[in-house]
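In what follows, a structure is listed as structure tokens, so that the remarks can point back to it.
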Amino acid sequence: MAAGGGGRNVPLCSAQHGPRAAPLDGMRRDGGGDPYWSRPESRVWTVMLLLGTCLLYCTRVTVPICAVALSTYFDWDKKQSGVVLSSFFWGYCLTQIIGGHISDQIGGEKVLLLSASAWGFLTVLTPLLTHVTSAHLVFMTCSRFLMGLLQGVYFPSLASLLSQKVRESERAFTYSTVGTGSQFGTLVIGGVGSLLLDWYGWESVFYFSGFLTLLWVYCTCKYLLSEKDLIIPVDYLMKGLSISKQTKVPWKQLFKKAPIWAVIVAQLSTASTFFTLLSWLPTFFKETFPESKGWVFNVVPWLVAIPTSLFSGFLSDHLINQGYKTITIRKFMQVIGSGVSSIFALCLGQTSSFCKAIVFASASVGLQTFNHSGISVNVQDLAPSCAGLLFGVGNTGGALLGVICVYLAGYLIETTGSWIAVFNLVAAVNSIGLCAFLVFGEAQRVDTDSAYMDL
């Protein structure tokens, strides 16, 4: 990675001090030659990024998992809980675009690790700081807002990194594999977190996820990055903060193209509905089926989502390698991810059986992972040179709509006393995004003036 000359250096993480581990066999760390990862390199990075995504969600879902306990502890009603839950997305939407752009300039791995260090420390400190303030609602709202700011850069940085390091024929499976970290993380925090919550109280859930995140950052810095990679020259970072007028990316033309807006609208729709389910499903099960065990409804849906995500990536890459057009496969995956999953969400609001509710929730959450092989990689199809920034634009919209949907869900529950309206909202928003992508979606590259290749 090129460095700016003469500027002050910012250490990426403390792992640079002391003796460094030898490079793993078969891994290319000099950045020369083929820009794509070698197979050994790709495997190791895929596993580590999967773990990073897992821990991202472990820390993100701490508050939803502990929502009922926190409401009881701090005497919050549903509207106040909705404010705390939705505040995450206010922060989340503010760093998406700039995080993606900086990643396109200096490398997604650097941005990922810097942000992970910060949100790991914040998660560990949150329960400690609640005991030194009396304004608990204000503090937890600000804490979640800051958590959103720090985690907002993660997926744009991931999209930027994979678009530059993974070949197109392998992107769907790689992204789907890394994406299973979101379900695996929710699964881990749902299972272990529920047990910790029952045994040691809500504070232990924060300590568990925070310390594991810091351990992941240390291991990644120590074993996957060279000494040079751990230093970010300040002047080079400042260049990444501004979008040069002489950039090779034709921004005006880019945002005039219907496929770009189609994938953005679809992305903001799926992101916002996923955030809504992520935030309110634990409370839905706890209140609708009060005798049920938390480790069941917090684990089973996300356990199902892991193999479905892997299968969607494998199926997508296999069909493309068999000669099917890329856009046909992307749209097929999106129909399952947004359309079929919404049907099961609607069924969830109509059932009074705990077993059926688990089945419907598992199907809805599991099938949503087909989005990883649809719109999530379609951004990389359209504009690999600025995939991080474009992914950030879509996720910013998703976070903004997520704020509205999460708060609106709490409002609907509080005023109507019914969960049906919440799942109707999820289905309606998903349908809008799906229709936009089916009508206007494409998979030909649009970030270059050269002749397009019809994929």
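Cβ coordinates are placed from backbone N, Cα and C, and glycine is handled just like the others.
Annotated range for transmembrane segment in TrEMBL, selecting from 5-25, 26-46, 173-193, 362-382: 173-193. Counting residues 6+ beyond its ends, the transmembrane segment (332-351) has Cβ neighbours under 8 Å at 266, 269-270, 273, 277, 312, 316, 357, 360-361, 363-375, 419-420, 422-424, 426-427, 430-431, 433-434, 437-438, 441 in the same chain. Counting Cβ pairs closer than 8 Å and at least 6 residues apart in sequence, the transmembrane segment (47-74) and the transmembrane segment (300-320) reach fewer than three and form no contact. Long-range contacts of the transmembrane segment (419-440) within its own chain (CB-CB distance under 8 A, at least 6 residues past either end) are made by residues 258-259, 261-263, 265-270, 272-273, 276-277, 280, 284, 288, 331, 334-335, 338-339, 341-343, 345-346, 348-350, 374-375, 378, 401, 405, 408-409, 412-413. Listed stretches 111-129, 205-225, 258-280, 300-320 were compared with the transmembrane segment (173-193); the greatest number of C-beta pairs under 8 angstroms is found for 300-320.
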